[in-house]
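**Student:** Below are the features I grabbed from TrEMBL:
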{"type": "DOMAIN", "residues": "34-291", "note": "domain 'G-protein coupled receptors family 1 profile'"}
{"type": "TRANSMEM", "residues": "54-76", "note": "transmembrane segment"}
{"type": "TRANSMEM", "residues": "96-116", "note": "transmembrane segment"}
{"type": "TRANSMEM", "residues": "137-161", "note": "transmembrane segment"}
{"type": "TRANSMEM", "residues": "181-201", "note": "transmembrane segment"}
{"type": "TRANSMEM", "residues": "239-264", "note": "transmembrane segment"}
{"type": "TRANSMEM", "residues": "276-292", "note": "transmembrane segment"}
C-alpha cells in the first residue's frame, strides 16, 4: 500500500521512474565519466570572448556537480564498504546518490530556463562586454539559490523520501532512476515553436538556402547568401528567417535528436538528460528569442554579438538593424564566415 501511495504521489515532483539494474555500480562510473568529459569538453571548446551570463555560471556549476558525483561513486566503488565521519557507505549509496541527483535535476529545468530567459531579455542589448561586479555576484547568488532550493525541495517532500527508502529496501536488484517531465515538455515546446517558425518563413528560408554558395575569402571558407530581400517583407519576418538559419546551422542535429526522442518516446534518466551540451542548446534558443523580441533595441556593435558561445548572430542583423533602414541598404549579398 505504501509503495502504491508513493507511486501516486510521484507526479508532485514532476518525474517518472526508469528502472535499471543495481549492477549500475559498475556501469554508472563509466556513464558519469563520459558525461563529465562531455561537460568539460563543451566548456573548453566554447568561445571565450563572450559576455558572462546566468546560463554560463549554471553550466559551470552543473559540470562541477557532475564531477563531484563521479568522484563520490568512484570512491565507493573502489572501497566498496567503509565508514566516513560515522556514516557507513556501501553500494546502496551509489544508487541513492544517483536517485537524489536525478530528482534534483528533474525539477530544475523550468526555473533555470526562466531565469536565463529573463537575463537575456534584460541584457541582450547591452553594449558592455564586462558586466559590473554586482551583476556577477547576482549570477552566482542565483545559481546557489537554485541548487539549494532544488536540494531541499526534494528532501522535504515526504513522498520522495518514502519512495527512495521503499525502493532501496524492498527492491535490492533494481535502482529506479527518474526522467524529467519538465524536460519532456520543454522539448515538445521547442520542437513545436521551431516547426511553426519554419512553416511561417518556409518561402524565405528556402530562397536563402537555394542562394547559398561556398567561396574562399582570406583563406577561409565562407558561406555567401547571394539573394535579394523582398522590399515588401517586414523586418520581423526577415529577422526570424535569419535567426532560424543561424540556429539550425549550428544545432540542427540536436533538433533532429529531440524529434527522434519524442517520436520514440524514450525516457532518459535526469542525471544524464541535464548536461552542458543540452543547456547550451537551450541557451542559443533563448538568445534567438531575446534577439527577436528586442530587435529594435539591438545596436550594431561587436559587444552585442559576443553573447552566444557557439552561434554567431551578427549575420541576422546585417545589413539591417531596424525598420528605419533605407530600402537600398536592405538589399544585397550577405556573407557569413564560418
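Glycine is no exception: its Cβ is also placed from the backbone N, Cα and C atoms.
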**Student:** Grab the same-chain neighbours of the transmembrane segment (239-264) for me: Cβ-Cβ under 8 Å, and only residues 6 or more beyond its ends, written as numbers and ranges.
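**Tutor:** Those are 184, 187-188, 190-191, 194, 197-198, 200-201, 204-205, 208-209, 277-278, 281, 284-285, 288, 291-292, 295, 310-313, 315-317, in sequence order.
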**Student:** Which sequence positions outside the transmembrane segment (54-76), separated from its termini by at least 6 residues, show Cβ-Cβ distances below 8 Å to it?
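**Tutor:** For the transmembrane segment (54-76), the list is 25, 28-29, 32-33, 35-36, 39-40, 42-43, 89-91, 93-94, 97-98, 101, 112, 115-116, 119, 139-140, 142-143, 146-147, 271, 274-276, 279-280, 282-283, 286, 309.
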**Student:** I'm checking region-level scores; what's the whole-number mean pLDDT for the domain 'G-protein coupled receptors family 1 profile' (34-291)?
**Tutor:** 82
**Student:** Residues of the same chain, at least six outside the transmembrane segment (181-201), with any C-beta under 8 angstroms of its C-beta?
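**Tutor:** Cβ under 8 Å, 6 or more out: 11, 14-16, 106-110, 113, 237, 240-241, 244, 247-248, 255, 258-259, 261-262, 270, 273-274, 282, 285.
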**Student:** In the same chain, who gets a Cβ under 8 Å from the transmembrane segment (276-292) while lying at least 6 residues past its ends?
**Tutor:** 38-39, 42-43, 46, 53, 55, 58-59, 62-63, 112-113, 116-117, 120-121, 124, 186, 190, 236, 239-240, 243, 246-247, 250-251, 254, 298, 307-311, 313, 316
